[in-house]
Amino acid sequence: MFLFLFFLVAILPVNTEGGEIIWGTESKPHSRPYMAFIKFYDSNSEPHHCGGFLVAKDIVMTAAHCNGRNIKVTLGAHNIKKQENTQVISVVKAKPHENYDRDSHFNDIMLLKLERKAQLNGVVKTIALPRSQDWVKPGQVCTVAGWGRLANCTSSNTLQEVNLEVQKGQKCQDMSEDYNDSIQLCVGNPSEGKATGKGDSGGPFVCDGVAQGIVSYRLCTGTLPRVFTRISSFIPWIQKTMKVLQQS
């Protein structure tokens with residue numbers, strides 16, 4: 001899930017993660033009622049999961065790379081292994097951005113149309129989206145939550161969260177020529193070592209109660225910062241796509 005990365009790179013193999021990470025803090029139960037747990041299957045019928053967030057009663061936003069078959073969304077969850085008063089709803093239409101690029105991770109955003117409208121209550125609520133002119137600035141500290149993987153390679157049963165600092169785009173550009181600050185966010189202060197982990201993809205980066213980013217990917221070095229999708233750059237696409245999905 002949320003990882004504190006220690007400086008052991010010099011003494012560990014490149015792909016080793018187990019000895020260098022511990023995870024973040026458990027969220028207060030149901031304190032993030034917009035969160036969605038998304039389960040789906042790949043072409044080999046292997047199960048996967050991502051995070052997402054409710055942006056309308058019948059629409060969940062997530063990352064485009066979280067697309068698959070037989071997608072189901074669980075709303076109102078805290079511990080996904082316990083019996084809770086959740087709403088499990090099938091997805092009838094997944095609409096990833098038509099220009100999503102698996103290699104560069106550009107346009108890593110997707111909307112899911114739910115089979116039925118969610119019942120909003122104390123543990124299930126929508127979250128606000130930014131205006132197209134909103135711009136998250138370097139130095140701003142916002143929060144990510146998710147059910148991502150822990151240090152022992154198991155996924156977290158309970159929702160975890162961490163505060164992460166927005167970095168200057170140049171930090172990510174120096175590490176990857178594919179980074180594009182106009183549509184992406186560079187997130188995570190290397191000196192603090194806090195980060196998202198596998199399984200947190202698709203979750204929201206929340207600043208002052210507004211979903212400003214989507215957890216997208218980590219750079220090829222495996223180190224901080226991470227790259228998130230910048231939601232404000234996609235508002236026209238979101239509005240158009242939501243209208244089409246809700247009319248279908």
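Note that Cβ sites are derived from N, Cα and C of the backbone, with glycine treated the same way.
Among the features that Swiss-Prot reports, active site, charge relay system is placed at H65 (among others). Neighbour list (H65 (active site, charge relay system), Cβ cut-off 8 Å, at least 6 residues apart, same chain): Y100, R102, H105, D108, S201, S216, Y217.
Residues or ranges marked as active site, charge relay system by Swiss-Prot: D108 (among others).
Feature annotation from Swiss-Prot assigns active site, charge relay system to S201 (among others).
Summarising the annotation, Swiss-Prot assigns disulfide bond to C50-C66 (among others) and lists sequence analysis as the type of evidence. For C66 (disulfide bond), the same-chain residues that are 6 or more apart in sequence and have a Cβ closer than 8 Å to its Cβ are I38, F40, H48, C50, G52, M110, S201, G202.
If you look up Swiss-Prot, you'll see C142-C207 (among others) marked as disulfide bond, on the strength of sequence analysis. All protein chains included, C207 (disulfide bond) registers 18 other Cβ atoms within 10 Å of its own Cβ.
Cβ-based neighbour count (10 Å, all protein chains) for C172 (disulfide bond) stands at 23. The disulfide bond annotation in Swiss-Prot covers C172-C186 (among others) and is backed by sequence analysis.
Sequence annotations record features per position, and here Swiss-Prot assigns domain 'Peptidase S1' to 21-243 based on sequence analysis.
In the three-state DSSP classification, N67 (N-linked glycosylation site) falls within coil. Per Swiss-Prot, the feature N-linked glycosylation site maps to N67 (among others).
Taken from Swiss-Prot, the feature N-linked glycosylation site applies to N152 (among others), supported by sequence analysis.
Positions annotated as N-linked glycosylation site by Swiss-Prot: N180 (among others). DSSP assigns N180 (N-linked glycosylation site) to coil, not to a helix or a strand.
As annotated by Swiss-Prot, signal peptide applies to 1-18, with the evidence given as sequence analysis.
A separation of roughly 12 Å, to the nearest angstrom, links the Cα atoms of C142 (disulfide bond) and C186 (disulfide bond).
In this view, the densest Cβ surroundings among the disulfide-bonded residues C50, C142 belong to C50, judged by other Cβ atoms lying within 10 Å. Summary for the recorded positions N67, N180, S201: the Cβ-based neighbour count within 10 Å is maximal at S201.
The Cβ neighbour count for D108 (active site, charge relay system), using a 10 Å radius over every protein chain in view, is 27.
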